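Structure first, then comments.
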Amino acid sequence: MTSFSAKHKPLPLVFNVLSECRTTKARVGKMVLPHGQVDTPVFMPVGTQGTLKGMLPEQLEKLGLQIMLANTYHLGTRPGPDVLKKAGGLHKFMNWNGALLTDSGGFQMVSLLKLAEITEEGVKFQSLNQQKAEVMLTPEHSIEIQNAIGADIIMQTTRWLDRCLKSHANPETQSIFPIVQGTLYEDLRVISANDHIKRDVNGYAIGGLSGGESKDDFWKVVHLCTDILPKDKPRYLMGVGFAVDLVVCCALGVDMFDCVFPTRTARFGCALIMTGQVNLKKKKYAKDFNPIDKDCTCNTCQKYTRAYLHGVVTSYPIACHLLTEHNLAFQLRLMKMIRDSIHENTFPKFVADFMLNLHPDKDYPTWIQNSLKAVNIELL
Amino acid sequence: MKFCIRNPQKRAPRLGILKNIEGRTNIEIETPVVLLHTQGGHIPHVTHEVFKLVSKEPQILQIPLVSMHNFQETMEYYNGTISEFIGNKDSLTCLTLQDPSNLTKQGHHVKEKVPIWTKNGKVLYDSEMYMNIVESFKPDMYYLLSDGDTNKTSAPKRISKAVEHTIIFNNQCLERHKKSNILKKAFVMAPIAGGYCLKSREKCIQAILKNTNELGGFLIDGLHNNGPEVEFLPFEEVRDVVEYVIKSVPQEKLCSVQGCWNPVNVLKLVQQGIDMFDTSYCRILTERSAAMIFPIDNTEEADSFEINLRQSKYVDDFTPIMFSCQCLACSKYSRGYIHHLLTVQELLAPVLIMIHNIHHYLRFFKKIRECIQNNTLSDLENRISEQYKNHQEKVLSAKTEEEPRRTYPRNDVGDVE
Ligand SMILES: [Zn+2]
Ligand SMILES: [Zn+2]
């Protein structure tokens, strides 16, 4: 348990583990941030440009969303740190009163800009704006943008961590999480993780695992990292958000996740359900007068049939809003089910039921069998 | 549903009420009224849930059949009404053929059939097919089928065809309506065709008046082919036809027009005695990133008639679209934020602009009713005409310096690819 050390110095993050699963490494926690509390394990949807796929913050609050992610690189380009500073930070600019987390900006550089040149000084890249100017994003610049955005939690890679911690302007309102890297080399991950835990930070991110690595390698790295990272601080697995990955990684002891998938797939007419996805574009839904998911309490499932949604998906922006709302509600409901079952000490059964529901023929992929076995869950 | 006039001593402008609504006896709708224009069952960009944050007052949704045609077969199997199907069972619905916010392609007429242009191409509707869909939708109000494909430039032959078709459609649909149990309580309105030829209008009206008992109201159809151009239709062009039709139809019936009329022309049409409009004007403004800010109350101040939030001067303008506006967009979001959303092409930009535009337009209609009540409609008309004129002059003079007025490459702007 963390406690307030100095009475007059507010902490930007207080994390308390409320329950721990007796079988796996899963735990339920509460993170207190400058913009509110966050129940963990938590899924954070991605609001790249200071907005979440047409949803109003009023709707997000109603859904019970506590935290979302914004992208440093995009916001640093447009509207830019000057406008954000004048606006009084991203919270005010976008009218979001809940918590915010920003990435380091580094990931986008690698994924968006093949021509990016990474030197010890910083990352040189072509800006996304029309001028096509070449911009150097130094660690100091990245932290300056993240300070202007004013997110509750900000990210930084190890390579520049010390430079960032030094230039960080708001240590009392913004926490920096270092990112444990090392791709799939276990020894490098161990070195990186051990290096981080020596530093005075409020939480840790596990990066570099949302790419194309095999699932067999993926879970082992997560398992290794959560073994090393201290138990009293939140652990954030970057870029992971498929339902099955969330369930497994919660069992491995991860507390925070983010992923563009639930909101991106909504745009293409896909609704998430516990057994996978409903592609509403398919002709077979034209006369299906059921909701997407009869167990879902979201507005979309309360008011609309699959038949209606089938007729409007990909034709009108409102269809994207309706599916986004459902997909967010789905992610939030799944995380709540995970937290509740950990609390009630029924998490192993929840995981086994979830996997059986997904694979009724019991043809479980080996990575699921192995990863869950590593935390003592026997599949049904 | 019944239409009652509150000040029958005066033909125009007038106040009315739609009441005795089947299953909603607690609801009354005051006229002049603006129907909420929809596409695919929703106000463009605004879900019904979000609209509840804009207004909680009862509304009538205008349902253009052309945007719902793809549900034709689905609705045959569906038991409920169209308002339930589109996810808003508390709203009233008014079914119409074409989408007033999109330019309707001209021509392609076939005997006793009218073409509509859906996202999957041309579909020909005859009276039977049309009434089948009306029965499966079960709207609270609907228009009889018509051939409204005329405008100021239409040749006499096209006009007489439009009248001929419309008379046939009206008769066929009404025959069917009289026999229909499902539609017994529906409020029926007859479109009057005839372009800009008063003789043709007379012919159409005479034919329709034989069935006047079945009708709740009329539509002055065939004034234009819908779409953004209607905003710039000079009122002088339509005045004679509107005046003639209003004079020739029974006074006690509701009289409607459709299309993206600008606020000045709305006021002029109300002065003539029109009772019902739609919000397609809000859509065409929103699609060009414009928010209407013309002052409605004389205590209000505004720097323009409308503003285009795409302009770079709004990048660090953290004031609301309109200070005196109480809408959700104005109370929580700034011009600068909406400008940012527009520059990065985010879906929330048109959501916020549409919320304001609809809120403003509803408030405008409320003001119109208030002014009729107080006998001050001419003051309002003068004030808004002046502001509109200044704005148009500014736009014209800026046109040479700045980017040209946005033109519409397609008539489905804003639809998702
Ligand atoms: Zn749902
Ligand atoms: Zn407003």
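Backbone N, Cα and C define each Cβ position, glycine as well.
The Zn(2+) site recorded in TrEMBL includes B:CYS325, B:CYS327, B:CYS330, and the single candidate from B:HIS340, B:HIS356, B:HIS391 that the record places there is B:HIS356. On the 0 to 100 pLDDT scale, the model's mean across the domain 'tRNA-guanine(15) transglycosylase-like' (B:13-389) is 97. Listed binding-site residues: B:CYS325, B:CYS330. The one with the lowest count of other Cβ atoms within 10 Å of its Cβ is B:CYS325.
For B:CYS327 (Zn(2+) binding site), the same-chain residues 6+ apart in sequence whose C-beta sits under 8 angstroms from its C-beta are B:VAL54, B:ILE355, B:HIS356, B:HIS359, B:HIS360.
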